[in-house]
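Chemist: Take this structure, written in structure tokens, and hold onto it; I'll ask about it next.
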Amino acid sequence: MKLSAKTATLLVLALLVAVSPFFFPSGYYYRVGALIFVNGIAVTGIVILTGYAGQISLGHAGFAGIGAYACALAPVHLGLHPALAVVLGGAISAVLAFLVGRPILRLKGYYLGVATLGFGILVSMVLNNERELTRGPDGIEVPELGLRGVLKDWGLDLTNGEFWYFFCGLALILGAWLALNLYGSPTGRALRALHGSEVAARTVGVDVARMKLQAFVISAVYASVSGSLLALQNKFITPDVAGFMHSIEMVTMAVLGGVGSVLGAIFGAGILTLLPQVLTVFAEYEQLVLGLVMMVVMIFLREGLLPSILRRLRGTGE
Amino acid sequence: MTREAREALLSVEGLGIAFGGLKAVNDVSFTVRPGEIVSVIGPNGAGKTTLFNMISGVYLPGMGKVKLMGEEVTAMAPHLLARRGMSRTFQNLQIFQSMTVLENAVTGYHLTERGPVLADLLGLPSSRRRARASEEGARRLLARVGLERAAEREAGNLSYGSLKRLEIARALALNPKILLLDEPAAGCNAVETEEIDHLIAEVAASGVAILLVEHDMKMVMRVSNHIVVLDHGEKIAEGDPATVSRNPAVIAAYLGAENADG
């Protein structure tokens with residue numbers, strides 16, 4: 001029996017999440033793994049926006065910032081449970097993406113890039129400057145999610161690292177499942193159609209503006225949840241989460257791995273999250289390496305690493 | 001029954017557009033009735049495709065009206081025209097290159113298969129049912145245009161003639177009341193042209209109105225019920241194929257004024 005691409009992708013992901021810990025040299029790698037998954041979630045959103053619908057955003061870290069700060073602020077100021085704060089962050093991001101996306105998505109190509117960039121910077125500035133609320137650039141502590149304690153009461157005693165590793169792993173698989181469902185669905189087809197030719201998509205009845213907006217809103221929620229999970233596991237967050245570099249990171253990860261494929265993009269997130277951990281020198285030259293990676297991939301591997309490798313393996317390389 | 005006795009499905013009334021002072025199309029009027037094949041012909045640069053683009057909402061007309069089933073639809077967005085039963089193909093192919101042939105045809109079912117985005121994200125049975133129904137329809141259409149065996153191939157790899165037929169299949173998926181075909185036989189060999197011929201006649205026989213722009217004169221004379229001739233953006237003649245082909249103004253436009261004089 002031939003596995004569908006969707007089932008295969010989900011199986012590979014589940015296996016990676018389940019089996020990788022057996023190869024971890026130390027408990028520290030649970031944390032690295034959890035970071036990869038958190039980035040993987042944001043990047044899956046980029047796949048929907050850029051890979052499916054062909055729209056670019058250079059400001060998605062803004063939504064990650066909203067998700068992160070929702071988890072820092074809502075429990076304290078609104079008395080919300082942190083888990084509900086994740087939902088609130090996602091809802092705020094969705095509404096903002098809807099409002100901001102309506103005018104922005106009329107733009108094309110680099111105009112769209114610049115407009116989304118502006119949005120990201122705006123969020124970042126608010127987080128930096130509203131010191132009364134966010135405590136500015138120094139960051140703010142984030143309450144405990146509390147789920148680990150519940151699991152312990154049920155007899156499942158995980159270390160903090162293990163808990164976040166598996167929790168984020170599950171969240172990523174869920175996110176990938178949604179994105180893969182979307183791919184072959186009527187909505188996904190319409191998104192890929194307008195990516196291929198807006199003119200043709202319109203003539204078959206696709207409301208291009210509306211579909212773009214849907215993709216933008218969905219991907220914003222992905223970024224928001226990613227930001228929330230980052231904040232919750234670090235128990236501390238700074239405005240850097242909404243910074244320009246973070247937006248660029250998301251796009252680079254997706255493009256590096258292959259923006260048209262969920263698994264490819266997550267693979268890209270894995271590489272770019274792992275690299276700075278393995279090569280500590282990399283940390284100082286992060287921006288340089290990101291730029292270099294972007295250029296090399298654009299020139300030599302337009303489809304991204306994973307799709308290019310798979311093509312070679314199947315022997316259908318150019 | 002005479003042509004005029006039947007209700008027009010599409011009527012174009014005094015349509016015109018200028019690009020920077022140049023009148024690309026000027027005051028063109030004609031009608032298309034259900035089941036009828038109307039062709040728009042004229043030398044290169046006569047404004048045929050421009051006319052098409054105004055009718056299908058791609059360009060904003062500078063003057064005149066477009067009416068679909070009696071209702072004015074001038075300058076209406078293409079996706080709304082699609083909902084009202086207008087469907088079209090393009091002169092310079094607008095294929096979704098990275099999709100398979102089947103998926104290309106399936107996109108034509110967008111209006112019937114679309115549903116709540118949440119259902120699509122969750123992969124609910126309702127979403128899968130919608131997707132499956134349109135895939136089945138698309139396979140039938142591919143068979144109708146002779147592309148069923150290429151269904152799983154990436155569309156970008158198909159021959160030009162096959163892509164032309166794929167575009168027609170996609171346009172038919174909308175179950176249109178009027179189908180606009182912009183040079184469907186361009187770049188096709190004789191066999192392919194004949195196949196497209198048959199297809200067009202068949203579609204028209206099922207009651208669909210067809211508006212055709214085509215360079216292949218033999219094909220136009222063969223399939224058309226009615227011909228509109230454009231030259232330099234103006235309508236210079238109109239009528240059935242026999243009448244139009246004898247019209248001196250038409251002959252002049254096609255052969256050049258000097259030959260007609262001499």
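We number each residue from 1, going along the chain as drawn.
Every residue gets a Cβ built from N, Cα and C, even glycine.
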Chemist: Out of A:210-231, A:254-275, which range is noted as transmembrane segment by TrEMBL?
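Modeler: Going through A:210-231, A:254-275 one by one, TrEMBL flags A:254-275 as transmembrane segment.
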Chemist: Look over the recorded stretches A:28-49, A:56-76, A:109-127, A:163-183, A:287-305 and say which has the most C-beta pairs under 8 A to the transmembrane segment (A:254-275).
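Modeler: Stretch with maximum Cβ contacts: A:28-49.
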Chemist: Please work out which recorded stretch in A:56-76, A:109-127, A:163-183, A:287-305 has the most C-beta pairs separated by under 8 angstroms from the transmembrane segment (A:28-49)?
Modeler: A:163-183
Chemist: Are there residues at least six beyond either end of the transmembrane segment (A:56-76) with Cβ under 8 Å to its Cβ atoms? List them, or say none.
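Modeler: Hits for the transmembrane segment (A:56-76): 42, 45-46, 49-50, 82, 84-86, 88-90, 92-93, 96-97, 109, 112-114, 116-124, 127, 133-134, 140-143, 216, 219-221, 223-228, 230-232, 237, 239, 241-251.
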